[in-house]
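Asker: One structure coming up, written as structure tokens, with questions to follow.
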């Protein structure tokens, strides 16, 4: 897990640098300064951290419930061998490591880097919007994980899908699984967070970062199928959630920054505002 943390840190730094063409460490300074000077941002950041921790402990909460439903057969009856056909068609020793890298490393790095990019751009609306959007994503997803459990595709034998993650990350079940339960599939948070980061990137006015988030989202969504993890149904639900969370995040951010503060900090032209 240490190697994942190191790789993620490096990718975060690279993403912030590529997204702003500025010193990425300045973003860290600005972030800390914002936490220390804005009680509103500190409170929002605290709530976001709390809901991320709630997601971490969701498995313990789930195990304490006397609730043993499994909606996997129903999902399989809807879509059949879609994931297997996609995996078989694209299977390649070159594609697998790229998919694992984006699924494990880039996904979480993009989330952190987004805050760094918007902080560096002094685009406070989108710093706040990112926090709101993450909270919305997890607040909606966690109840589904508790009461609408769907197992990962590879773990359902009739699907005929292989878990290609283990080809590159053989200790995935030991190191990563405690963070994400086997039946935490619907909706796909990898999809919803990726779509959220893409929409925010496109609407932020930072065209370079918008392109980066779009490319990342496409590869990550492809990876959830290619690696044999998510169903098509998970992706559709995740996409809807991501679109909802990103647009509500922007709305709530603008509402929270009404008046002089909001006007001063959000002056960039937004060519994708209709998304």
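Here the Cβ of each residue, glycine as well, is placed from N, Cα and C on the backbone.
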Asker: What range among 24-40, 41-57 does TrEMBL record as transmembrane segment?
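Answerer: Transmembrane segment, as annotated by TrEMBL, spans 41-57.
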Asker: Please indicate, using numbers and ranges, the residues of the same chain that are 6 or more beyond the transmembrane segment (100-119) and have a C-beta under 8 Å from a C-beta there.
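Answerer: Answer is 4, 7-8, 11-12, 15-16, 19-20, 24, 27-28, 30-31, 34, 126-127, 130-131, 134, 164-165, 167-169, 176, 190, 193-194, 197, 200-201, 204, 206, 209, 213, 216, 219-220, 223-224, 227, 229.
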Asker: Within the domain 'Phosphatidic acid phosphatase type 2/haloperoxidase' (176-252), how many residues are helix, strand or coil going by DSSP?
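Answerer: With helix first, then strand, then coil, the domain 'Phosphatidic acid phosphatase type 2/haloperoxidase' (176-252) has 59 helix, 1 strand, 17 coil.
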Asker: Between the stretches 41-57, 126-148, 181-202, 209-229, which wins on the count of C-beta pairs under 8 angstroms to the transmembrane segment (6-21)?
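Answerer: Answer is 209-229, with the largest number of Cβ pairs below 8 Å.
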